[in-house]
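Now, the feature entries from Swiss-Prot:
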TRANSMEM  33-53  transmembrane segment
TRANSMEM  77-98  transmembrane segment
BINDING   His83, His182  heme b b562 binding site
BINDING   His97, His196  heme b b566 binding site
TRANSMEM  113-133  transmembrane segment
TRANSMEM  178-198  transmembrane segment
BINDING   His201  ubiquinone binding site
TRANSMEM  226-246  transmembrane segment
TRANSMEM  288-308  transmembrane segment
TRANSMEM  320-340  transmembrane segment
TRANSMEM  347-367  transmembrane segment
Amino acid sequence: MTNMRKNHPLMKIVNHAFIDLPAPSNISSWWNFGSLIGLCLIMQILTGLFLAMHYTSDTTTAFSSVTHICRDVNYGWLIRYLHANGASMFFICLFLHVGRGIYYGSYTMVETWNIGVVLLLTVMATAFMGYVLPWGQMSFWGATVITNLLSAIPYIGTTLVEWIWGGFSVDKATLTRFFAFHFILPFIITALVMVHLLFLHETGSNNPSGLNSDADKIPFHPYYTVKDLLGVFLLLVTLMILVLFFPDILGDPDNYTPANPLNTPAHIKPEWYFLFAYAILRSIPNKLGGVLALILSILILSILPLLHTSKHRAMTFRPLTQFMYWLLVADLLVLTWIGGQPVEYPFIIIGQLASIMYFATIVIFMPIASMIEDNMLKFT
């Protein structure tokens, strides 16, 4: 069996990636989220596949087909809510994974990090298109508002929007193509995940100290496979509590009303995991400026390696930068709250201040804090 594991062309790849992989001996539970994201992806693909068997991507029957899944299909309600709440768990794991990467300086592995940023953008695009499929009020108006943002692009904006819509408004053609993209993108994400892992295994994992751990490695199996299983158990328990007791807590009540182009909801908002970006978008009165800020709120992650000014890799021994980091986390929570509030005083000004703080903390405060810490080391 050992020979087969080490010599068989396919088994050899699995062995080097998950069994005999040399891993740092001190990585904490914050390193569990990579495997949990993988689990979420597998779960979303499987539940999505079963939903696609019963869903119809037609404006007249889409809403009814989702109702049919919940009422008539065996355990259809379970599959549907696993898929919807699984997306929330996916994003919780993603945000924690990115947060860990920023805290421990994992962005210094530039190729792995940049593939990760591309993955985050792709997952966000997939989730947005998935939200449109049930064809409720928030699905329709969310799709209309977000796709309409592309009209801010000079010269080609309006043509581009109509090309994406497949007509002069969000309609049957839009729903059909969104379903097609929502189906194919998870497989593209899976391919990107493999590239992400390929680059990660070129350099090896980072660790909480931020120091080189080549002198102290342990095999991935059984140590980290067992450790990951605990994370898997906790994730599944949390998800099942969410699905079985509070299935609609993260959804919008408006999405239980069929889409009506003649009736605009009082407050159009995306799913909770996009609210921070939505708040940044709304904080700028200019349409093009808002769109650029929205895109930059994610793309700013890709310039983190350039903004790293410290001699230390991780924030473990950098209290000043740690303070700035937790300020950024608090700011993101404020932005998430603001994104769900109506556009009125005092929420407008809070959103604008929080948006300025978001970019300023990443681009100005954290690099300056790192430089101050480096200078303080000279006096010790």
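Any Cβ shown, glycine's included, is placed from N, Cα and C.
Recorded features from Swiss-Prot, shown on the structure.
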{"residue": "His83", "record": "heme b b562 binding site", "Cβ contacts under 8 Å, 6 or more apart": "Gln44, Thr47, Gly48, Leu51"}
{"residue": "His97", "record": "heme b b566 binding site", "Cβ contacts under 8 Å, 6 or more apart": "Phe33, Gly34, Ile37"}
{"residue": "His182", "record": "heme b b562 binding site", "Cβ contacts under 8 Å, 6 or more apart": "Gly48, Thr126, Met129, Gly130, Leu133"}
{"residue": "His196", "record": "heme b b566 binding site", "Cβ contacts under 8 Å, 6 or more apart": "Thr112, Ile115, Gly116, Leu119"}
{"residue": "His201", "record": "ubiquinone binding site", "Cβ contacts under 8 Å, 6 or more apart": "His16, Ala17, Leu21"}
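Counting Cβ pairs under 8 Å that are 6 or more residues apart, the transmembrane segment (33-53) and the transmembrane segment (113-133) reach fewer than 3 and are not in contact.
Here the transmembrane segment (320-340) sits apart from the transmembrane segment (288-308); fewer than 3 CB pairs are under 8 Å, leaving out pairs fewer than 6 apart in sequence. Here the transmembrane segment (347-367) has Cβ contacts under 8 Å with residues 279-280, 282-284, 293, 296-297, 300, 304, 307-309, 321, 324-325, 327-328, 331-332, 334-335, 338-339, 341 of the same chain, all six or more residues outside its ends. Taking every recorded stretch in 77-98, 113-133, 226-246, 288-308 and counting its Cβ pairs under 8 Å to the transmembrane segment (178-198), the highest total belongs to 113-133. Listed by sequence, the residues of this chain that lie at least six past the ends of the transmembrane segment (288-308) yet keep a Cβ under 8 A from its Cβ atoms are 98, 102, 105, 107-108, 110, 113-114, 117, 120-121, 124, 149-150, 152-154, 276-278, 280-282, 355, 358-359, 362-363, 366-367, 370.
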